[in-house]
Amino acid sequence: MVEPSYLEAEDSAIADFYAEARKNRGSESDKPAEEDETAMAVAGSIGGVYNQPIHESITLSALMSVDASGVSSTRSLKSATNGDWEFVRGVIWNDDPAGLLFDDTSSENHSYAWGLQWWNEYRNAKSQWDQPLHGERWRNPIGRSHYGDLQFLHCMASKIGESPHETKRKIMTWMEVMYKLSKGEDGITPDTKPKDTKLDQLLAPPAGTMGGSLPPRFHPLSYMLAPKSTFSNLDIRRRALGSMFHVIQDSFAIGHTRRVPINGGDIISQDPLTFRPGVTDRWGPIKNFHTYHGQDDHQHAHYDHGSDGVPNPSDLRDLDQWDQLIGCRDAVDRCIGLAKLRFSGASWDGQGGVREYLDGVFEIAQDATPANSEDIIAVYIAKQNRLTTIPRSHWTPRPIMSDPILVNGNKVVPGDIPSHIPRDAAGTNFILLQSKNETFSALEKVELAKFGVEFLEYVGERTYLCRYEPKDLGVLERKTYVQSAIIYLRELKTTDAPKSAVETEKDEDHYEVDCILHHKPNVTAEELARYVAKAAGVSIDELHVSEAKIRLVVNQEKLEALAKLDSINRIERVHADEIANDKARGTLLMMAGDGGMAMSSSTYQGEGQIVCIADTGIDRGKKSTGPSDTECHPAFENRIFAIESLHKVDDASDTHGHGTHVCASVCGSGIYKDPDHGEIPVQGTAPASQIMVQSIAKPEPRQLGVPADLSKDLFAKPYNLGIRIHSNSWAKGWSDVDGQPDYNEQATNIDRFVYGSTAASLEGQFPPHEDFIILLAAGNNANRTGNREKFPSQIGAAAAAKNAITVGACGSTRPNNAWKYNDKPRAKAATGINDTAEFSSRGPTKPLKGTDGRIKPEVVAPGVAILSAASRALPIGDPERKSGGISKDNDWMFLSGTSMATPLVAGCVALLREALEKTQGKKHPSAALIKALLVNGAINFSNIVGPGFGYDYEQGFGRVIVDSSIAMIHNGSFIDGGGLRGESNPNRDATSFDVPGLVQLGPPELQRWESAEIEILRGGGRRRLVVTMAYPDLHGALLQNSMNLIVRSGGVERHGNMGKDGGDTFDNTNNVEKVLWDNVPGPTFQVIVQVANNFNPMAAASFAAVWDLREMARL
């Protein structure tokens, strides 16, 4: 595959970066006339005259101890040759991948620069990596290596919470390529490009990053390790070995890792850390990788340095001097071991090889924990006090500071809360509780519950929003696993949208807002209403009160008064809803309609299934009474189960045309009369199904009124009527200021309706409906963004719901110009069936600040130039009839958009439910099983993330191939696991599960589900194994429960959404995971679903898994 041109054009961009960097460093005349010999190094901060040369000294000490290295045993830092310094330059490269700390000439390679530009890039990195969508972060290699995804260069994790095995995988990948480069093994030479090695994925920025990234992947390794150097005798092989030394050395630095002390019995003091006289510290496996982000720069840098007189730069032969610095003797010894292997010609693989050796160097302790940024506590920071001259007070560990917490886009640092803020919970029942680890363990949650903590929602940054009625927070903070406990501040309650409106809409001072209640408020919404009215200065009659929120129009000056009410969780601005098309912009209109669904079989047509559709109405608003009925469009003969209008009394007529088109895309069947081609049959994807229509059109022309309470006013009635499919082709309007809203109350409503509530007192109020399948249009905002850096994600609000199926649009087989039907002779499809529609909103879901977005849309379906029924209530001359292309039959019209793709998929869901009932006897399959079947059958044709992942943020998991999904039903290759929660749940027996749900605290057999070993039939060519897991999740913007998908074969593992090299890491962002595995190694395979973290560790968590083994020739 040819790389995109903007990546190949990386040359000039990178050259410009390096040239500008060197221009800004200053000239030789700016440097001091003479430097002290020990003031020559980089140690995690500015180089040159400021720091001791700890990395340089360890490196030369190790090489001087190995005769074959070529470094003389009489060398000192001052007398080291250019050749010796090629090793050293490799060591320093990890700290300085931009090459900003040296001023090379053609004949000399160890003249230090001032490093001011290095410091500027390092300083910029902090802000760049504090802003998850900052575009420049990928072009700052110093930032990537110190604060971002390349921290493995320092034996550190890329982010808090990263699995220690994932960090080790990155480290070992880097070490493998560097070692093979240093030796010339496997054809890796200085001219090899990183993109052609295992470094490709390690160095790659996210898909779609424009202008390339630094370090470069499309330049030779020699360019990467010596960027723009003018030195004429470069030895890239030596630099590669030096880079390996750096990682080993940092692995024994206390700001980088926490290792197990081997001779802990010789420790006689913890503060400062002191060993018995004459005893050298020794360190074993790694218990924890740290991250730079969150550490104190000065303390971190200090412990990367030597002590007074140690090391002696003029006598680096003396290895015993390293015994006097914590961790350094181990670092020197391990570097010597690597050097001996390298200069003896050892290979990377094989017995006694380098891989085996480094596997021991970076051994992970059995009780290793996910990465953190913990401050350096006494047991790991102090040097032996017989050496230090620093006052003991310097070594007293600082109190552990809490990491920043982000709630509703607002940032708070618990350690920086002003003194006037109460330190107890006397005035509130809601607190934020932050864990020292990635999350609270199941047993920790149980213990905290005994102190009165009730977990309500995971809000990110290892932090939970909790209900806590006691006053004393100190009892919680004294727990060793609790990082901080603070009250839920009123400043956190206002989301970005109201604040943005106040700042940008100067002519407005009143806003419609939703006051969202906590999941377990102090009072009911009805009881809270009078307090809301008083705080807002309005009449209680002006409020719209539902079970979990209160909607009102409020003056901006009253927002603070509302935030003071303890039962209010957050205040959201109300955005107008619109059908998922874009008539105002005149380029694309979103609807869905016919064919292109790769349905080769007509065995299933949706018989016995009813789909509820919330839209602008249907035709003239009447049900069909028979073939001669002229009041109803013939496409709906005997297909309308029920009609209701939520706003217009007894009037569900569709004067817009959108709803009728959508309805026929599900169940319609009729004849399109073309004067040139005769009569053409047109059918929806489930022509034997019926529909219930909910008109949400307002009396005002072409305005939608999506109910404020989706659960009560949109979902409950069809569910109680036995309907299990609900299709929605509407979305929030786009804002040029804020883009799409974040995960909001609409998304909360959807997720809560499906999953229910975890709070025992709310189970009757919010029972689960795990067999209710909700589909939503992704929206048509891809062309509206303008500033793609500001709006890289266009999916939010309802479409971000975790328990819904969000549908994007691809092209179709019909001739089109990317927006409209093209009826010109010999016209072709500008947007083909495998192409993503230009307008289709891209994922991931709009992320909260500091978090990753989820994979959305889940699937795509045809949404360009779709032919479906035209409403007879829409005047013949209305421009809407021609917005998607010219139709030659007034009963039918063309439209385009994700609105059109969504009902097509809803019809496919009807087919899947029909097939499950007829072939497997499952009348009530879970929504998770339906989602897993769709996703597992889908194929992603855009493949932007990369081969082997099976998803990207354009097409999600791909275009729906419903025949593939139905084949899995016929084969019985699925499992539907769960058990509805709540003794009072009226829907307790509605869903027929195959196996029990999984619990975190319970016997092993209930913590994971394992399939039997499934035989792989050989012959017939290469095969691809495709496995998908899906599960419902508790409401909340972030993932609340976490399950892992594991597929095993031939002693090898693959994990969901992790690609072909993701055997050590897990996805903790998405509740849908997929594995694609070509040429499975073993004769059998096994599917495993395992609980990683349940919000309620004692509650059963439902899940579904589906698998398929298909011939690759068919793909």
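The backbone N, Cα and C atoms fix where each Cβ goes, and this holds for glycine too.
The structure displayed is predicted, hence computed values, not measured ones.
Under the heading domain 'Peptidase S8/S53', TrEMBL lists 606-958.
Asp615 (active site, charge relay system) falls within a strand when secondary structure is assigned with DSSP. What TrEMBL records for Asp615 (among others) is active site, charge relay system.
Residues or ranges marked as active site, charge relay system in TrEMBL: His658 (among others). Under the DSSP three-state reduction, His658 (active site, charge relay system) is assigned to helix.
In the structure as shown, the Cβ atom of Ser899 (active site, charge relay system) sits within 10 Å of 35 other Cβ atoms. Marked as active site, charge relay system by TrEMBL: Ser899 (among others).
Ser899 (active site, charge relay system) sits 9 Å from His658 (active site, charge relay system), counting Cα to Cα. The active-site residues under consideration are Asp615, His658. Their Cβ neighbour counts within 10 Å are lowest for Asp615.
Note: the Cα of His658 (active site, charge relay system) and the Cα of Asp615 (active site, charge relay system) are spaced 7 Å from each other. DSSP classifies Ser899 (active site, charge relay system) as helix under the three-state reduction.
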